[in-house]
Each structure stands twice: as structure tokens, then as C-alpha cells.
Amino acid sequence: MAATGNEEQTLLPDIEEEAEGMEREMESEEEEEEGMGVEHSEEEDEEDTSEDELENEAEIQRLEEQLSINAFDYNCHVDLIKLLRQEGKLHRLRKARQKMSELFPLTEEIWLDWLKDEIRLTEDESDREKVYELFKRAVKDYVCPEIWLEYVQYSIGGMGAQGGIERVRSIFERALTAVGLHMTKGASIWEAYREFEIVILSTVQPPPGSAPSQEQQELLNAQLERIHTLFRRQLAVPLMDMEGTYAEYSDWADDGVPEMVTRQYRRALQQLEKGKPFEEALLVSEPPKLAEYQAYIDFEMKEGDPARVQIIFERALAENCLVPDLWIKYTTYLDRQLKIRDLVLSAHERAVRNCPWTMGLWKSYLLALERHGADHQTVTDVFEKALNAGFIQATDYVEIWQSFLDYLRRRVDFSKEWSRELDELRAAFARSLDYLKQDVEERFSESGDLSCTIMQIWARIEALHCKNMQKARELWDSIMTKGNAKHANMWLEYYNLERSYGDASHCRKALHRAVQCTSDYPEHVCDVLLNFERVEGSLEDWDAAVQKTETKINRVNEQRARVAEKEALQARQEEEKVEHRRKAKADKKGQKKSQKVNRTGDKRKADDEYEEEWGEDAELPSKRLRGEDDFGSTATEELMETESGLFGRRAPPRKTEPPGFRKNQRGSSEAPQQPQDVSKEQRIDENCVFFEDRLAVPEALKLDRKEVDGRPMYVSPCVDKNKNPDFKVFKYKTAMEKHKIFISGLPYTCTKETLEDLCKQHGTVKAIRLVTNRSGKPKGLAYVEYENEAQASQAVLKMDGSMLENFTLSVAISNPPSRKMEDKGVPSRLLGAAMPRQPQGARGKGRTQISLLPRSLYRQSTPDAKAENGTISAPHTTETDGVHGGPGTTSPDTQSKSLSNEDFARMLLKK
């Protein structure tokens with residue numbers, strides 16, 4: 001909590017002269033240094049100094065102008081303070097620090113620099129009091145052991161003044177309350193306090209060889225008891241290096257350590273062991289350590305020690321002061337558990353100073369002020385600050401106004417006909433409506449209160465507490481004119497208000513207007529009107545209600561019929577457009593197909609060949625396996641799915657072989673082997689390997705992505721996609737993995753070792769995967785798996801946008817986009833998908849498409865299928881002698897029956 005305006009101003013005017021004097025001293029010291037044997041000439045030094053001073057002064061003026069435009073520019077404040085301190089302009093530096101402290105809590109570094117500068121200017125006791133006030137402000141922003149240690153050390157310097165020792169002890173006690181439970185840094189405060197008391201002990205001891213008087217003995221015993229008490233208190237608190245403190249106490253105590261102290265010490269050691277893992281996690285992690293602090297807080301809240309919960313919250317907030325959720329969690333805990341007025345209000349004030357844009361913190365602050373009996377002016381001032389905080393959405397202003405209006409309503413005594421609080425409440429309601437209409441709408445283009453919640457509350461208060469139905473009806477008329485008349489729920493709310501606090505006449509009038517205006521749920525409003533007339537109305541009222549509701553329902557049905565007809569027309573038009581596009585596409589494909597037929601013998605392009613064989617409406621071509629005829633198999637080509645989506649390419653030579661695999665050797669001049677020549681353990685067909693032993697399959701799958709001759713070898717199960725359309729073998733997850741990060745923009749020369757050295761700085765790396773293409777060349781992408789989500793998040797924060805070998809890295813949590821699967825019955829040519837195959841012979845499709853068979857061995861039929869030598873050949877077929885299973889092989893099912901002499905005779909008679 002910052003000091004008040006008057007207190008802050010008292011620190012400035014009285015010491016301006018000292019600041020100017022300090023500036024002159026610093027300038028004189030610089031002049032003396034310049035005169036002490038410097039190698040450069042005096043002229044060069046003066047020129048360099050003057051140029052630097054001019055540049056710095058120009059930058060200072062620019063920063064001051066920037067702050068005059070936007071006083072809430074935090075970084076600008078910090079830069080200005082650093083520059084002024086560098087130039088030694090203490091008077092302007094003090095003013096800059098003062099302005100920043102009024103707007104923001106200052107960090108530990110800024111406070112320590114400010115305090116050290118002010119301590120150097122201290123000359124008399126009045127100046128010391130001003131420094132004391134500055135320390136009081138510093139320790140209120142955050143819990144910082146270093147500032148408290150500086151505070152107590154400075155107070156020890158004034159112990160010679162009247163009441164100085166008691167003042168030092170008071171400051172030490174406050175320091176122990178604030179940071180004495182800090183597990184890693186609290187011991188320094190305890191030790192400093194104990195050393196101070198030991199020094200005091202030396203001053204009350206009698207000289208050697210002399211007997212102390214009774215008064216001296218009492219002082220000596222009291223001082224010894226203070227030291228014993230400090231030891232006992234410290235040993236009951238779990239702190240690092242407790243063993244050393246216990247050993248020191250054992251040596252210092254003449255009668256040994258009491259049993260009770262030993263038991264407390266052992267309990268503290270047990271608590272220390274429980275907290276050590278969390279402290280070690282904080283030690284190895286990098287700021288802001290939010291995840292580690294969250295885990296530590298949850299642990300302490302389960303333990304249930306309020307003091308330890310408070311200190312760990314304060315430690316977390318010192319490094320995460322701009323995290324609103326952490327402040328909300330802390331203030332909620334204080335409101336519900338500790339309920340200590342000064343502690344609670346101080347935490348709420350610091351919360352809104354650190355995160356002023358968070359409406360929830362201001363709302364909680366107002367409730368805490370009311371809960372702890374703060375005066376009305378204080379609550380009003382806090383509310384006014386909230387309105388100027390700059391919330392990020394219009395609804396935040398509505399909520400903060402509602403909280404303040406609730407507070408004002410609770411102050412009113414409605415048993416009195418008139419009170420000042422009631423007038424203030426009504427004035428606040430009116431002001432809130434004007435504020436939302438003018439200020440909020442001007443900024444957000446909306447008031448944030450579309451359903452007029454504030455006006456509804458005001459109308460209900462007037463009706464319920466003030467018995468002023470006339471004012472309530474005026475407010476509801478205003479609500480309906482703001483675009484709410486078409487909503488049935490608004491009319492029913494108004495009807496319920498009239499039903500509770502008004503009369504039947506106004507209820508009937510409201511329901512008739514509702515039937516006339518409602519557009520979302522007219523049937524419901526009509527039912528409410530008819531039910532009301534059944535209870536309250538006469539026959540004439542009933543007839544009027546029936547006529548009005550029937551007219552409304554008929555009109556609504558007609559409107560709905562027109563809308564349905566219009567939607568049906570639009571749907572038909574859309575269907576016609578789709579059918580037209582489909583037909584146009586089909587015609588275009590037909591034209592291309594006919595053009596290809598006419599270009600017989602010409603060289604076809606790959607894209608035309610693909611369109612002809614693998615069109616959208618075409619079925620997958622069948623694939624004949626080697627030895628298929630001998631086995632009697634008529635299986636179609638199995639649809640394969642591998643991790644990369646590629647199939648049908650000839651894999652590179654493999655050197656590594658799984659157990660149970662025996663390579664099939666074939667000579668280049670030998671005829672195709674028959675099935676009986678193939679090993680019983682396996683059968684090979686280009687990309688497929690069949691094992692007789694199932695145990696060999698898992699071992700073979702382990703070879704997936706193993707590099708062979710510099711290229712990755714992909715191994716996956718052979719699955720019939722026609723029988724198992726949903727089978728997936730992609731070995732990596734396609735959903736978000738919060739413990740894994742995705743890195744893009746890597747240099748192509750980056751290795752796993754280089755990437756691991758870079759990533760392990762932010763956590764424990766479990767796995768790294770560099771993404772490559774099928775040829776083994778890197779794509780500049782990688783996936784890195786960490787031990788937990790916190791480490792992955794830390795890596796994203798630190799590595800995103802960093803440089804590696806002049807490459808800018810882009811780092812994010814692994815969240816691959818979902819794959820849009822095509823219709824299974826309509827295969828399309830995706831990137832890397834299987835290429836359609838033309839009918840091939842036993843040796844496959846040649847690269848040059850040039851036949852190496854002598855022409856004399858070919859027997860070709862004409863394309864128009866004319867009768868030749870008594871047979872009709874099938875179109876586009878070719879038979880070769882001595883080679884079977886080729887694309888032109890004719891089977892008994894496809895050959896035409898030979899013509900007899902009678903057939904020839906009939907053909908001649910027809911002519």
C-alpha cells in the first residue's frame with residue numbers, strides 16, 4: 001500500500017537542496033578524476049562527455065514527453081529512472097521515482113536503488129525519519145527479504161538515539177512476521193536479529209573480574225533469555241541449514257538443548273523434508289516459475305498452516321505480479337480463512353495496483369472494504385478508481401456498477417420514508433445509466449447491458465422497498481424502448497412485477513402489449529394471457545383475449561410459412577447449382593477422355609493418365625500378384641496405409657533384416673519363380689513381406705524409420721483397407737500434447753545433439769524427433785517431448801523467436817491440425833498418394849515405355865477389332881509368345897469362339 005499524497009510530498013521539498021548539493025559533489029568528483037593522470041587529452045574527454053550528455057538529455061526529454069502523453073507506460077518509467085540515475089540528476093530522479101510509485105508497485109531492484117541513494121544523502125535525524133518512511137512504503141509493495149534486511153541494518157545504525165534499541169527490535173519483529181518463514185532466505189533475518197542481541201549482551205556484561213550488581217544481573221539474565229528465545233523460535237521453523245543453527249545453539253547453551261526444543265526442531269526438520277522438493281524445483285526452474293509455485297501453494301494449502309500459505313503466496317506474487325488469477329486465489333483465501341483486516345485490505349489494494357484491468361479484483365476489493373467496515377468515502381474513492389482503471393470489455397463496467405449499487409442499497413434504511421442514503425442510491429442509479437450510455441458506448445460501441453439489468457433492479461427496488469409503482473413502470477417503459485419489446489421473457493418479467501406489486505388492470509395491459517410485440521415465443525405469451533383471464537377477467541375480457549391471441553397466432557403461422565417456403569426455394573436453388581457443377585465437371589472429363597482415345601499412340605502426360613484411370617467415379621484398378629494364377633487367387637490390390645501416406649514406391653535396398661526373414665534371391669536372366677521355390681517363411685511382392693511366424697512381425701515393425709544408406713525405411717502392417725477402413729497405423733498422436741513442443745524454422749544442418757543441448761536448458765528432454773522426407777533430407781521441423789507441461793510451456797516462452805545459426809525458430813505446443821479424410825469410395829490424388837498403375841507384365845512398367853521384345857514375337861490385333869484368321873481379337877490386347885501374365889494375356893473367358901465353315905457361309909449369303 002502506497003503512502004498518502006501528503007506523506008509522499010513531505011519526502012520531496014525539504015531535501016531538494018541536499019540533492020542539488022549531491023549533484024555538485026558528484027560533478028566535482030568527476031572533475032578530480034579527470035585531473036588524475038588520464039592518457040587521453042582533456043579536449044577529447046570534454047568533447048566525448050558533452051556529446052554523451054547531449055544525447056542522454058535528448059533521450060530524457062523524449063521519455064518525459066512520452067510519459068506526459070501516457071503516464072501508464074511502465075517501461076518508459078523504468079528507462080527514465082535508469083537514465084537519470086546514470087546521469088546523476090538526483091532531484092529529477094527522485095521526482096521520477098515518486099511518480100512511478102504512485103502508479104505502480106516498484107520492483108525490489110528499483111526500491112533498493114532508491115533507498116541506497118536516499119541513505120547517501122542522510123545527514124541528520126530528520127533525514128533518517130524520511131528514509132524510515134521510505135522503507136515503510138517499500139516493504140508494503142512485495143515481500144522481499146533483501147529489502148527487510150536492508151531495513152533492519154539501517155535501523156541498527158540509529159540504535160544510539162533515544163529508544164533506538166527498542167525501535168530496532170520492533171523492526172526485526174516485523175521482519176520476522178513478514179519473511180521469517182521464507183524457507184530459503186528467512187534464516188538471514190533470524191541470524192541478523194540474533195547477532196544484534198548478542199552484541200547487546202556484550203554491552204551489559206560486567207567487566208572481567210568484577211561482580212555484577214543486582215540490576216546488572218537482571219539485565220544480563222533478561223538479555224540471555226532473549227537470545228535463548230530467538231534460538232528456540234528459529235529452531236521451530238523449517239529453514240534451510242537448520243542443522244547448523246542447532247549445532248550453534250548446542251555450543252552456546254551451557255545446560256544443553258532442552259528436550260522440548262529438540263522435539264520442535266525434529267518436527268521442523270520433517271516439514272523441511274516435505275518442502276525440499278518444491279524448493280529444489282524453484283531453484284532449477286527459470287522465472288516466472290508459475291507452475292512450480294502453483295504446485296507449492298497447493299501443497300501448503302493441503303498442509304493447512306495459514307502463515308506458510310501466506311508466505312508462499314507472497315513469494316509467488318513477487319515473481320508473478322501480473323497474473324490476475326494468482327491474486328484472485330490469494331485474496332479469496334485471505335477473505336475466507338484469515339479474515340485479518342489490515343492483511344486482507346493490504347492484499348486487495350496491491351492486487352488492484354498490479355492488475356488494474358481485472359474487474360474481479362476491484363469487485364472483491366469493494367466487498368472486502370464493506371465487510372471490514374471501511375468508511376463510505378473510502379469505498380467511494382476505490383469505486384472511482386475502478387471506473388478509471390480501463391477495463392477490457394463493456395460488461396466489466398456493468399458488473400462493477402452493480403457491485404457498487406448493491407453496496408449503496410445495503411446502506412439504505414427503507415423503514416424511513418426519506419433518507420440521504422436513499423437519495424444517494426437513486427442518484428447512483430441514474431448516473432450509472434448515463435455512464436453506460438455515454439462513456440461505455442463511446443468506447444465499446446455498446447453499453448454492455450443489453451437486457452437492462454441495472455434498470456430492472458432499480459424498478460424492483462422502487463416497487464418492493466419504496467412502494468413506488470409509478471417509477472417502476474416508467475423504468476420498464478424505458479427498458480422496452482431499448483429493443484427488448486420483442487422478447488417474451490422481458491414482458492413476463494414486467495408482468496410478474498405488476499402481478500406482485502401492481503394491479504390486475506396493469507397486468508392485463510402488459511400482457512396485451514406482450515402479445516402484440518413478442519416475436520420469439522408468442523405462443524407462451526398467449527397462454528399466459530388466457531390463463532390470467534381465466535382467473536381475473538370477465539367474459540368480455542376473455543373474448544378480447546381469445547380474439548387477440550388467435551389473430552397473433554394466425555399471423556405468426558403465416559410468417560413462418562413464408563420463411564419456410566423461402567428457405568425451401570433457396571435449398572432447391574443450391575441443389576440445382578451443385579447438380580449443374582457436377583454435370584459440367586462430368587462433361588469436361590468426358591471430353592478429355594474422348595480426346596485421349598483419339599490420340600492413340602501419342603505419348604500421354606502423367607496428369608491425363610491419372611485423370612483417365614483414377615477419376616472420381618472410377619474404381620480402383622485391380623492388381624495381379626506374381627504367381628497369382630498358380631495359387632488360384634483373385635485378390636484385388638490391398639489398400640495400404642503407412643505413416644507417410646505413400647504406397648507403391650520401390651523401397652531402397654535394405655541391409656537390416658528382421659528375425660525369421662530370408663531374402664529371396666533371383667537371377668536377372670531367370671524366369672519368374674514359382675511359389676514352390678519361395679521360402680516357406682515368407683513371400684515377397686515388391687513392398688510386401690509375408691511371415692509364417694507371427695512373432696517375427698513385431699521385430700520387423702521395430703525397423704520403422706531406421707536409416708538405410710542415408711534414407712529412412714518405413715515399415716507398417718499390411719492391412720486391407722476395404723475390410724478395415726478405419727484402421728490407422730500412424731504412430732504419433734494427432735491431438736494436442738501439452739508436454740510436447742513443435743519447432744519450425746530449424747537449419748537443415750541441425751542435429752539431434754544440437755537440438756537437445758538447446759532444449760534441455762528449459763527442462764528434462766524425453767525424446768526428440770527430426771522430421772524428414774522419404775529421401776532422408778530434413779524439413780527444418782522437429783518435435784521435442786518434455787517431462788511435463790510446465791517445462792514445455794517454459795520452453796515455448798523462452799525459445800519462440802530465438803535464433804539458431806541465423807535461423808529464427810518458431811516454437812509452439814504440439815497441436816497438429818486434424819486431417820480431413822476424403823470419401824473412401826472416391827479416391828483422390830493426395831500429395832504422396834498411390835499412383836494408378838497401368839496393366840503391366842511380369843517385370844513391371846519400364847521407365848522408357850519402349851518394348852525390348854522383337855517385333856516378330858508380337859501378335860497384335862487391330863484397334864477396331866476386325867475378324868482376322870477366323871477370330872475377333874479383344875481391343876487393345878497384345879499377346880506374346882513365351883511370356884504369360886502380361887497385360888495382353890487373354891484368358892479362356894475373354895477369347896472369342898472360333899468361326900466354323902457354316903459361319904463363313906452365312907456371312908457370304910448375307911452379302
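Each Cβ is built from the backbone N, Cα and C atoms, and glycine gets one as well.
Just so you know, TrEMBL annotations never went through curation; they're auto-generated.
Copied from TrEMBL, the annotated features are:
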type	residues	note
REGION	1-56	region 'Disordered'
COMPBIAS	14-56	compositional bias 'Acidic residues'
COMPBIAS	567-579	compositional bias 'Basic and acidic residues'
REGION	567-683	region 'Disordered'
COMPBIAS	580-596	compositional bias 'Basic residues'
COMPBIAS	608-619	compositional bias 'Acidic residues'
COMPBIAS	620-629	compositional bias 'Basic and acidic residues'
COMPBIAS	666-677	compositional bias 'Polar residues'
DOMAIN	739-816	domain 'RRM'
REGION	834-911	region 'Disordered'
COMPBIAS	889-901	compositional bias 'Polar residues'
- What DSSP reports for the domain 'RRM' (739-816) is 22 helix, 32 strand, 24 coil
- Counts by DSSP class (helix H/G/I, strand E/B, coil) across the compositional bias 'Basic and acidic residues' (567-579): 13 helix, 0 strand, 0 coil
- Query: Taking all residues of the domain 'RRM' (739-816) together, what is their mean pLDDT?
  - Reply: 87
- Task: Give the residue counts of the compositional bias 'Basic residues' (580-596) per reduced DSSP state, in the order helix, strand, coil.
- Result: 17 helix, 0 strand, 0 coil
